[in-house]
Each structure stands twice: as C-alpha cells, then as structure tokens.
Amino acid sequence: MPSLTANDNTHTPSLKSTILLSVEASPIIMPEFSFYPHLTATGPPPFYRDVAALYRERFLELVDAGTLRPMVLHYHLMGYAFLLAYLCFPHKNRPWLYNARWAVLGLITWWNYTTLWETSSGGHATNMVVGVISSYGWATACTWLVLSKPQWDAKRVQRRMVPVDPSDKGIYINGHARDISSQTNGHVAAEKSSALKGRTQVAITKGGDDTDLLAKVNGNGNISQVEEYFWESYPESFRGRFFWTSDLLINFRGPGWNWAVPGLPAPPEAISKQLSGLDMKSARSGISFTGLQRFDTRQELFRYLYPRFVVGYFLIDFLKTIMMKDPYFIFGPTTYALPPFLQKLSPLGLWCYRAVLSGVTVIHALEMAFMLGPLLLCFILGPKVIGQRGEAWYYPTVWGSFSNILDKGLNGLWGGYWHQTFRLSFAAPTKFLIGNGYIEKRSTVTKILQLFFAFGISGMIHYTGSVTQLARTHHLHNPIFFMSQVPGILIQSTACAILNPYIIKLPRSIRRAGNCLFVVVWLLATGPWLADDFARGGVWLWEPVPISPFRGLGFGLEGDGWWCWDVFGWGWHHGKHWWDSGLAM
C-alpha cells in the first residue's frame, strides 16, 4: 500500500506542519499515513486529543479531495439491501431464479470490495467497523446464498392468537381452574368470569403447566383467544416475506430461529413446549450448556442490564483514562517516553501489562456495545413497537461461563466463553460440507477444518477492519493472531488426549489451573499480533463516554476535562451523486 510520511522531524508537530504534502492514493486504494515519528522520538508523546484531531482533519481533507468516502449508511449497507431484495422473492419452484443467486453474490462481492477500499470514518474505532461491515456482509451473503437454503430450511418462532378450544380440559387463571369444556361457545361461564370484565388480557396456564401464556378477554369477561407459538417457514405474502427475511439477516445469533447458534438457551418453557426440536432443559432452567442466561421478563432483563451499564460506564472511562497515559495505546509500539509508573517495569512486565489492559478493554467495550441492543429494542421500542422481537427472552447474555475456559482451555475460550455474534458464518462452510456428505460429522478432519474455517473467516473480517483504519497498520497481523489459535487448540487437545491417563488422576482444581495457565500463556504469546495493530490503527483514541468522571476529577492528563465528545461524528455527506449522499459518519 502507498504510505504517507510526515515531513516534520520533531516529536510534537503542529497540526499544519504535519499535514502531508502529497498523497499517493487512488479511489480503490486505502491511503495510510503517519504524522508522528513515534518509532524514533524519545521525548514525551503528543497529547492524544491532538493526535485524534489531526487524524480527523486529514480524513476530512481526503474526503474533500475525493480520495475517501465517509461511511454513508445506506450506501455502505447496499450489499445487505441487494441480499434482502433477492431473498424476498420466492425461488423454491423457480430454478432460474435460484441459479441467479450466483449473480447476486457476484454483485455483492464487487460492491463490498469496492466500498471497502473507498470508505473510512473520522471516528476512531468506527473506521475499523467500516471494514468489518464490508467483509461480514459478504460472509453473510455467502452463508445465505450458497452454504444454506433459507427458503427451504429456515424457520422462526412466531406468535398468533387462536380461538379457545372447547375441548380443552382446563385453563387456569391466576392459579384458579376455569373449566371451559362444557361451554357450548368455548368461553368461560359468565358467573365465573365476572372478575375479568373490563380487562383485555390475562395470564393463563393451560393443562396445569407451571408457565403462563397470554389470553384475550372479550367485553363480557370471557376468554376468547389464547396465544399460540409455531414455526414460521418462508411466508407467502410479500409483506410477510419482507419482515421474515429482514429478521433473518439482522439476527446474528438466531434467538427464535431453528438455526440459532449452539449455546443459546431455548425460549421459555411455555413457548418451547409448543414447538419441536428445542432443548427443554435450557427452556426450563433459562441457562444454556455454555452458561448463557435467558431473561423471561423485561423486569428481569432490566435488573441485569441497568447496574452493569452504570458500573460499566465508570469502568470504561477508567480504562480509557489509564490507557492514554501510555503512548503505546496512541501509536502502537513506540519509542516515546513511558509514564513514570511504567518505567520500572521489565520488558516482559510491560508486555503483560499492555496485553492484559488491551484484552480487558476489548471485552468491556464489546459488553457495553452489546448492552445497547436490548436497551434500545426491548426498553425504548419494546413489544408495542416491534412486537415479539421486543420481548426479553430474545436477548440472552453474550458471554459464556468462565468455567468453559477452566474445563476446556483454549477451545472453551473461543467456543464457549467468547461472544458468538459471528458464529453463524464461521460454522456455515463446515455445516455445508457435512450436510452434503463431503466430510463426516465427528471425524478428526472435520474438527480441524472447522477450526480453520472459523478462525480463517474471523481473521479475514479483522483484516478488513485493519484496512479501513486511517493510521498505518499491519493488516496481516490480525489473521496471523486468529490463525495462531488453531495450533494452540490442537496442541492442547492432543497433549490432553495423550496424557489423559495421568491428568485424570489429578484433582479437578489442578486440571482447571492447568487449562487456565495454558490459555493465559498462549494469549500472551500471540496477543500482540492483534493488540499492537489495534493500537497502531488508533482504536483506543475512540472516546467511549461523553462525560468523563475520572478525567474531570483530575486523574487524566493535562488538558483533559469533563466533556469528551468535542466532535459529534455524524453529518450529511454531499457525494458526487444523489445515491452516494446521505447521513454519514
């Protein structure tokens, strides 16, 4: 890639003196630049806000010059629009239309590849998301167009209200039996339903179960309808197909779908009993085998999210404050002077400090981002606006139990503890090969292929995230990190299999400690491939909170204050044409 080199040799360049005199870039080459001599200078580092402002200023110059485009939302997401439009038209009985999926995939590939190299963002960390959207959009298209047949196989949980069945032997309202079997019209007798007059809905229990369903009450206080859950296949009407397909594409982990990623708890027992093919153990307990927790009411979900979000706000601000004291988190590996509290650390100690701080911040930043979804969809919009998709059980926890790491080591970290947001596309190639008889489901070759596919696709996605960052990054370091997890898992699993006669005799606490130690050592050894590139690209220049308690109270650097969002980051972009103009970031 062509690079841009600073023409100022001082370690604290001014905004104007560091603007590059020439740019070698084309509309399909992502320009990279470096304004500071961070690999040679040994004095104190520049103020991180000046660095962030300089990056943004240069980005706006490249946009004005037509070299880069900001992430115009509708334009950058057009690949998803192509996929949505194609899947909205039935092709089960139209072979010619089904074969056209290759043309649609080609169009999406071209579009996403082009936007990948033309687009970035002035927002730090946001510019990484730009590349992730492009590559994962392509992976999603491959999943639904080539590696699976959603119009044949995919089904989602849907709800409808049905008339009361007169043959039903018993409905329980608030724990009291209401016999409806002898009523000619299927309603509860008037003398037994006076308490329900004036109400439109009640919670009922059918057949003596311990779980509630919803029922509608008519003007006379009689139960007229009860809710029913069913598997909804590809709908007949265009309106139904549009909402069904939209749900398919935006539902990353698949709660409420028959293709839900492994580890998600089943819907509540009252729902799962009406369906087939679901894990009734997790339906009853609300806990999956990986430790993910389901919430059956919005109150439960709120009690879980609210304190974590409040505490998380202060924690992410603390992490940001402490990070900006170390020039590594501004530039990546650098020769700038360390802060006093780090100068006494050995090289190994400094390495461990940076790796641990990077990992903790990645996990916590993702956790804060993942909490925004249920807060918006379940509480701000809610069931009254988006229907069933606003119910609490659609939003189980994201991180599995830490016991996955203690019991299964590195494989448990990535397969059980880590968020499974992208797992659908990671596992799709292996499922395709198994489903078509190319490989056996439980063979050793299949397990190895599954690892290579999962970490290879993950590496590709993070590679493209590195591409769209403004600062100079080492794109290949991201896939190197993820592919290095494959030999780690194979080494640990092979060693455990060989040494199993001896390991099995050890106390459980020792075995768990061994798994945890291997994970820590392997991540410390391979983590810098990823952590260094995150820091090089300016990910940690991102401002996670608008108001900083820690920096406002004086725990930050000189020049820090309470207010952090000096630049909003959103605006209207006027492109060369009407179709590439719009809301951008």
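Just so you know, the numbers here start at 1 and follow the chain as drawn.
Just so you know, glycine gets a Cβ as well, placed from its N, Cα and C.
Quick look at what TrEMBL lists:
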{"type": "DOMAIN", "residues": "395-483", "note": "domain 'Wax synthase'"}
{"type": "TRANSMEM", "residues": "72-89", "note": "transmembrane segment"}
{"type": "TRANSMEM", "residues": "96-113", "note": "transmembrane segment"}
{"type": "TRANSMEM", "residues": "125-147", "note": "transmembrane segment"}
{"type": "TRANSMEM", "residues": "304-323", "note": "transmembrane segment"}
{"type": "TRANSMEM", "residues": "355-381", "note": "transmembrane segment"}
{"type": "TRANSMEM", "residues": "448-468", "note": "transmembrane segment"}
{"type": "TRANSMEM", "residues": "480-503", "note": "transmembrane segment"}
{"type": "TRANSMEM", "residues": "515-531", "note": "transmembrane segment"}
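On the 0 to 100 pLDDT scale, the domain 'Wax synthase' (395-483) averages 96 in the predicted structure. Counted over residue pairs separated by six or more positions, the transmembrane segment (125-147) shares at least 3 Cβ pairs under 8 angstroms with the transmembrane segment (72-89), which defines the two as touching. Looking at 72-89, 304-323, 515-531, the range that has the most CB pairs within less than 8 A of the transmembrane segment (96-113) turns out to be 72-89.
In terms of DSSP secondary structure, the domain 'Wax synthase' (395-483) contains 59 helix, 1 strand, 29 coil.
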